[in-house]
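A short write-up of the structure that comes next.
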Amino acid sequence: MWYFDTHGHPWYPAVAGIYLGITAAFLWTTAALIANGYSEEKQPGFWRAMQWTSNVGGATEGGCIALGINWNAHSLGVPHSVYITFIIIQYASMALAFILVDADKLRRNDGTAIAKYEHLSAWQDVYQTVALLKDPVMLLLIPTFFAPEIFFPFMASVNAYAFNLRTRTLNAMLGNAIQIPWTLGYGWLLDNPKLGSRRKRAIIGIGILATYITGTYIALTIWLHSWSFDRSLAGPEIDIEDDAYPGAVVLYFLMVIQYGVFQNTVIYVFGCLTNRLEKTARISGLFIAWISAGTCVSFATDATAQPYSNEGAAIFALTTICWPILWFVVKNYTTATQYYKEENVVVPIHVRKEMGYLEDANGEELSFTNTKTKDPKTADHSGETVKH
């Protein structure tokens with residue numbers, strides 16, 4: 001960006017966009033894998049919430065810097081000192097990668113491994129990834145993979161069109177900051193055993209999200225209709241001191257709050273389907289592929305300068321489709337636990353004890369005993385007595 005700001009060569013944004021797209025795919029696939037694969041069944045909501053709050057926390061920090069630059073600015077441009085600051089921050093974060101522990105060496109607090117790792121050839125891995133597309137549940141979930149970020153390019157465009165420079169910069173900064181408590185609270189809801197089983201908590205979360213987002217899109221539709229924006233003309237340049245600002249910014253915040261919790265819900269739902277690390281990785285990759293495709297389509301659509309009311313209506317419709325799909329998958333495919341139902345899954349020690357699992361003095365498996373009858377011959381592998 002420093003180079004582009006200085007020289008303005010048009011090839012740079014295209015090349016940089018491709019590079020960032022590739023690296024972002026690796027980053028976010030890994031993040032989804034860690035949230036579901038490394039956490040226990042009782043923790044994925046919290047793990048994903050921590051990832052997202054770290055992300056928007058960094059964006060808030062960057063937004064504060066941009067706000068300081070743009071508050072009294074009347075033209076676009078960034079001082080070189082800002083680029084230097086961001087480069088230092090990025091290199092500091094890259095340095096942290098060198099202290100990461102290899103996945104097969106990771107251990108929980110009880111000393112157990114995260115998983116038993118299956119080493120496959122590249123061809124086997126590609127084959128099993130493609131095989132996901134033969135799974136009816138994965139095919140059913142594709143619309144929910146596609147939709148969570150399609151609103152983002154649209155709202156970024158509305159923010160840039162409707163507000164002046166300092167106000168849209170403030171909106172972006174506060175929009176990231178406001179996601180932090182909402183995301184943490186929603187993660188707590190998904191993991192809270194007092195609200196019932198995983199299935200019940202997921203359904204509650206989906207219901208809250210569907211109600212909130214539907215109401216927000218209805219309000220957005222009314223607001224867009226009241227302004228009747230014509231994108232062939234200059235925007236209204238709403239300023240923070242204008243009377244139109246409070247209502248407009250509240251609606252903007254209501255829209256951007258969904259950014260993290262929508263996709264976190266989808267990640268939570270597909271995380272309930274398996275504890276196998278390699279399968280979780282493949283589903284995470286499929287999810288990131290489709291969510292990226294949705295964002296790409298949204299950017300391309302907005303680039304054609306369609307009326308905002310049309311864009312908003314299309315995004316509203318695609319988002320609404322997701323709620324019955326998520327409900328159906330949770331209702332029919334989510335169980336109280338996946339422990340002891342899959343190979344290559346290392347069950348935490350406290351869960352083994354809760355499920356009636358016995359060990360000898362050396363920690364070796366003896367039997368799996370039904371917690372009610374104490375009879376090894378009637379082992380209850382469904383684990384319905386365990387609350388996660």
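Just so you know, glycine gets a Cβ as well, placed from its N, Cα and C.
Annotated features in TrEMBL:
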- 12-35: transmembrane segment (TRANSMEM)
- 80-101: transmembrane segment (TRANSMEM)
- 137-158: transmembrane segment (TRANSMEM)
- 202-224: transmembrane segment (TRANSMEM)
- 244-271: transmembrane segment (TRANSMEM)
- 283-301: transmembrane segment (TRANSMEM)
- 313-330: transmembrane segment (TRANSMEM)
- 368-388: region 'Disordered' (REGION)
- 372-388: compositional bias 'Basic and acidic residues' (COMPBIAS)
Note: vs the transmembrane segment (12-35), the recorded stretch with the largest number of Cβ pairs under 8 Å from 137-158, 202-224, 244-271, 313-330 is 244-271
Same-chain residues near the transmembrane segment (137-158), Cβ under 8 Å, at least 6 residues beyond its ends: 252, 255-256, 258-259, 262-263, 266, 269-270, 273, 283, 286-287, 289-291, 293-295, 297-299, 302, 308, 311-312, 315, 318-319, 321-322, 325-326, 328-329, 333
